[in-house]
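Asker: Sharing a structure, written as structure tokens. Questions coming.
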Amino acid sequence: MTSTHHSRRSRETPQPEMSIGRYTRLDEIGRGSFATVYQGVHTKTRTYVAIKSVNLSKLNKKLKDNLSSEIHILKGLYHPHIVALIDCHETTSHIHLVMEYCALGDLSLFIKRRDTLGDHRYTRDMIAKYPNPPGGALNEVVVRHFLKQLASALKFLRDRNLIHRDIKPQNLLLCPSPSSYRSGVTQVVPFKGSEDSFNPATGLESLPLLKIADFGFARSLPATSLAETLCGSPLYMAPEILRYEKYDAKADLWSVGTVLYEMVVGKPPFRATNHVELLRKIEKGEDRIKFPEENPASDEIKALIRALLKRNPVERLNFPDFFQNGVITSPIPGLVADDLPSIPQGPPADPETAEATPRPDSRSGATVPGGTEREREGPSLPKGDTGLTQRPPSQNQRFGTPQTTTPMRRIGSGDRPPSTPKESTPPMTYPQRPSAVSHATAPGRQELVDRNATFTAMERQKGRNTFSEGSPQIDRQADKLREERERAAQDVAFERDYVVVEKRAVEVNAFADELAHSPRIQGNISRGAQTGALSRRSTVHGPTPSNPSPPQATVGKAMQVLSGRSRADSMHNRQGSYERRYGQSPTSATSAISKALNMASGRLFGMGFSPPLAITKGGRSPPLAYNPFPAYPAHGSLMIGDGAKSNLALDEDTKTVQILEECATRSDVVYGFAEVKYKQLVPLAPSVQTDPSSKLNLAGERENPDSADGGLTVDAIVTLSEEALVLYVKALSLLAKSMDIAGAWWARKNRGDGFGDSAMSRANGASTLAGTRINNVVQWIRNRFNEVLEKGEFVRLKLIEAQKRLPPDHPSHPDNHSVGSSLGSGASVDVVVSPGVSAEKLMYDRALEMSRTAAINELTGEDLSGCEIAYVTAIRMLEAVLENGEVPRFGQDKDDTSKDSDKIVLDAVQADERQVVIKLLTIQAVVASIRSRLAALRKKLAILAKRAPTPSANVPSKMASSNPVSVGATPPK
């Protein structure tokens, strides 16, 4: 599809030619995670195509099924501004997708090389007529031309209820101008996917032709997985996607705004080193889009960009208004005489009529050759394509405009006559595969629906559009709020294929949505809101969260925690998983667990594990009691502490809360350990360093800005990636178990032990509190699960990349991997870790190291409060090692599950390693020993606290409170 992105390997070693059907595969021109793109040529007509070869061994079953479904849909999409799928061939090892060839590459390269376009034979005339301004990127005539063609393609997709979801300059491919084909300037002639493939539906025929590429593959065949995309270049993603919020087709309009800005200015509107910083910049900008003073863009273009780049999708320009915008519908100003229309054609650039209006040159014999040959070829597509190669006229009509020309179609089976109105009587239907959704704000159900692509076009969207158009401006905001909330409960969200445990991710998010939006749970939350219960930050300007509102009023909102106590070091908003990672102050970059891990950390590869950050702003002060959960009413609050047995008689709901919180806390300890490894692989960006004036790396050495890996060797990267990956997988398993515990509780409630007049309305209110607390923990688990999934995928890709850089004789080099040593199930690419690397072994060694270091410090009287944290963390980590995947049965005492603990088998610890662990000491004995040390330490701390004078408000206390870790204590993240 592009001829400009030649890989270095293809230039050094020419690829052998290969016959694929009627085409010959030539040199490699691009490479992605799942596919390699080659230049190809038709064996008879010698016209060019792009051949995308997908390696089936890198796809799991779901990705293969989704790919087949998407190919079936793509064969029915024929539009001048969408790269067409011409043919498809499948072998035992690959699927070869034959697509239209775009000789000018993509728009990002076009903008980057704007200063040299005058030297290229395909763009020399364009620059002569419309030179690029010195203070901008592209001439506004060219910008409007590309925007019209992009809008035409989006209108075509919108009419078919399709969303691209990955609009960016890299996916906008360019072909030489249609006039250059007729004049003979263009020597590389592409094969035509349809009769009108290179006849523009709108815009100018003397300028390059824009086509959207990779449509549909965002769901079934991503160029990169979710984590890689977010950690790579999410510069064009809508903020609602970055926030893991509900999103719909309006996300495409944000992307259009970023592309339009880049065409005008020469760079994206928001740039950052990672998606966390990117989202922060978008939020900080508060919809104030600035342009360079010397930029010559017109006010009309700037106003359109500002209308598209609205953080709130409700405030963002909608599709009808976008398609009717003057920039889209009005003639392009500033045309040279040669490009002025010779005859009146009404609005010459209106996408509503341009596609149905015959062009003087659209049937010229001098157009791109290959179409007539296509008629002589006979069938070339696989079975089942007959119904897709002949398009009914009704699918080419725009906004009810009568069809006046031969419909745009692919001629693929002999000399087929043009479609007649009779052929359009049976409406074309496209089977829509079940969406792998993880609804962020509302429960959803996966269904297989055959949607009528002709006139059954998502009535809820049509209703939204007509509603917003016909409403007065004064009521527009309220009407949009109501309509967006109703639609948010139905539309598809997060249709992304996580490479790791994708199905589990869908289940986790679906259950969290169901619990969060249950009227019974929501009623409890609203009653407890005044005491600090969970509230929601509206993504739109709606009523304040504290006001009582119906349960559906929370749909489409993101999480926010309102702590019961106002404290300078604890006030924070939870918005997805990102802001917990990088807070707004240096204190939020760590936690008590991080401190405990740092205290026990040795030196690895000459680097420290993380910077020694102060817990609070006052320097040395009592460490905050660590707990990862949101703050909520603590009526008889359970104290997690160190997990020791309590003699209190607990009802079933309270037991569920206790077990759930303990399991989630163990997962958080493992997550904190994994973060130690992760932060070495991904050094902190300059904007989130604790000391802005310091440019030192984690080892205290001067940072090298040119070092992408922070100075780590390849062996170190492999080791860190392996350890981080197995720890993240362990954390995911604990989070999944926590969600299973909550799911079992919820199932029992739905079977009969309901809320309201029964269990949840007891006099002491314990069950009401339990429901609220379980919901809060479930929402935390959901956010953490998604975050760990994303980071785990990043580490997986980092590991695969680093292993390829190892010497060929290294045991971890991909060529030396055995089939049976791969990690993970269902992953698109198998991950192989070195023998002996397991999460349980790492956690066991770390727990022993932490407890021993804490014991030494306790004996010397140093940092007793830190010793307490280290003991608790070590206990939790060892409990996580002993954790199995079974959900506890209720009615069974917690201690009953550990009666057979001597028979526990550590799944990931190999036989020889298990023997080493057993020889040292049984884990249960280690836990008991650490608990005894912790009890003695707390007695010592209590005695010291009684003897010590009460510290003043300005002098932080050296010793911490002896109270166990409370559920309600939420440290800054």
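Any Cβ shown, glycine's included, is placed from N, Cα and C.
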Asker: With the ranges 460-482, 805-827 to choose from, which does Swiss-Prot describe as region 'Disordered'?
Answerer: 460-482
Asker: If I go by Swiss-Prot, the feature region 'Disordered' sits on one of 24-48, 699-723, 949-973. Which?
Answerer: 949-973
Asker: Specify the count of other C-beta atoms within 10 Å of the C-beta of Asp166 (active site, proton acceptor).
Answerer: 23
Asker: Provide the three-state secondary structure of Asp166 (active site, proton acceptor) computed with DSSP.
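Answerer: SS state of Asp166 (active site, proton acceptor) = coil.
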